[in-house]
Each structure stands twice: as C-alpha cells, then as structure tokens.
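**Student:** Questions regarding the structure given below will be posed in turn.
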Amino acid sequence: MKFSKMHGNGNDFIVIEDLNNEYLGKEGEIAQKMCHRRFGIGADGILIVRKNENCDIEMVIINSDGSYAAMCGNGIRCFAKYVYEKGIVKKDVLDVLTGDGVKRIFLEIENDKVKTINVNMGFGDFKPKNIPALCDEEIIEKKVSVGNGNFEITSLLMGVPHTIIFEEEKYPIECGRDIEKYELFPQGTNVNFCKVIDRNTMEVRTWERGAGPTLACGTGNCASVIAANKLGLVDKEVKVIVPGGELKVNIEDDGVKMIGNASFICDGTYLF
C-alpha cells in the first residue's frame, strides 16, 4: 500500500489513495495498524483520497483509534496539498467533500508547490442538539465538575464537537481525557485549553477525541476563536499559537477562514 506521511503544525497524518474504493469497509482496521507509533508508521489519523462525482475530490478521515471523524482542519490542509502536488486535482480553488459537507479551499501556488492553504470552515453551531449535548440551553461558560477538577466550559460544533476552556493557569492536558467522556456529551468531545494573549492572539492546546494530546487541531483552533469572539475576548482576525506552530483564523460573513500550511514528511510502502 503506497502512502505519504504529512503534517499540519505537527498534527500528523498518513494519506492513502483509494480511487477505486479498494479499502472500503476496512478503514478502521487500516487506521489502527498504520497509526500505531510502535508497530506501525505512527500518526494521529489517516486521510483517504476518493473520487466523487459531485465534487473535485472526497476526503475520508479516520482517527488513530479507528473511529470516523467528520472533519479535521489540519487534515484538510494536508489533503489539499497532497491532491494538488500529486496531480490528482490540479486546481488552485477546489471543493472537497467531507463528512461535514463541502469545503471550498483556496491554494496559493508558488513554483507549482502549495505555499498557503485557505479553507472556508463554515460556521460554528452552539445548538446543543447538534453538538450533540444533553441539555436544552447553549453551553456558554457553564460550570461543571469533571474528574478531580472544576471547569467553565463553552461548547459548539465545528464539524466535530469542541469544548473550550479559558484558563488563567495551565490545566494538565490530561484533564481532557475526563472532559472528552463527560456525561453531557453522548458522542464525546474534543477539548481545547485556551489562553488569550491579546485581542488578536491566542494560545490553544487540544486534547483530541479519539487521539489524545495533539500538537495542533484546526477545527479546535477555529472553535476556540469563535468562542472567544462570542465572549468578547478577541476580534475577528486572530493568530492562534499551538505547540506545533501557528495559523490564522478569520471570522468573515461567509464563514470562518483557516489559513495555514502543510508539509510532506515522507512517501513509502506499507505492508498491510
């Protein structure tokens, strides 16, 4: 099985082409084996490239534990760079079908290489039934006791569920494990620990549902900026600093724009 390994701000993925649906139904098993950091290649998840009649291309995301993910911000940047530079879709504006619908992506090209990727991530959704969360009112600075800690949480759907915690002092990232599985969230939640530096800068650390601590999470960065803006903590153009680097998130009338890059690590053959 041919593959490429890529990363977006340290959030790493294995990209495989399945243009003839050869691996349909085997995605979870493939992801668990390939993503294992001792017995496999090692990654936070896999990105599967598939044809689609209604779009330029389709992206399927599987987490390292074999679970399906509707959307991944860092993953879609890697995916867009891959399909352009591998010659699968040679367009600087492309529509990618994801589990969260079609995402329009604008590529900045220099010497036939993708320099910057601008993704319209759509809008955040605070409706509890859509997150989903087992409550009637929006989760805005809700006080909860989870595990051994007390937190104020804000939750929304950004393609996948995200819970935001604004911290004055750093919580251990492992707190995310208990919050991910908190009874309020029947399907679990990603957890983002945020610190506002100024009105145009934030730091974000993410515990990713199904993957654990990660160096970056694109949907989490977008969700964090949306939550911070809703609470009046930041403006609409924000630089987000994560352990693996930084990117820009802009809140615009037609959706939230995530602007960053992605990198190839290696190509290879996996003996599946």
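Glycine too: its Cβ is placed from the backbone N, Cα and C atoms.
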**Student:** Which of Asn20, Asn63, Asn229 shares the substrate site with Asn11, Gly73, Asn74, Asn190, Glu208, Arg209, Gly218, Thr219 per Swiss-Prot?
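**Tutor:** Answer, per Swiss-Prot (substrate site with Asn11, Gly73, Asn74, Asn190, Glu208, Arg209, Gly218, Thr219), from Asn20, Asn63, Asn229: Asn63.
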**Student:** Centre the Cβ atoms of Asn11, Asn63, Gly73, Asn74, Asn190, Glu208, Arg209, Gly218, Thr219, go out 8 Å, and tell me which other residues of that chain have a Cβ in range of the substrate site.
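**Tutor:** My list of surrounding residues reads Asp44, Ala69, Cys72, Gly75, Val160, Thr206, Ala211, Thr214, Ala216, Cys217, Gly220.
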**Student:** Given a 10 Å Cβ-Cβ cut-off, pick out the one of the active-site residues Cys72, Cys217 that has the most other Cβ atoms nearby.
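**Tutor:** It comes out as Cys217.
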**Student:** Within its own chain, what residues at least 6 apart in sequence put their Cβ under 8 Å from the Cβ of Asn190 (substrate binding site), listed in sequence order?
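**Tutor:** Non-local contacts for Asn190 (substrate binding site): Val160, Pro161, His162, Thr163, Glu180, Thr206, Trp207, Glu208, Arg209, Cys217, Thr219, Gly220, Ala223.
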**Student:** How would DSSP class Gly73 (substrate binding site) in three states?
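**Tutor:** Reduced to three states, the DSSP call for Gly73 (substrate binding site) is helix.
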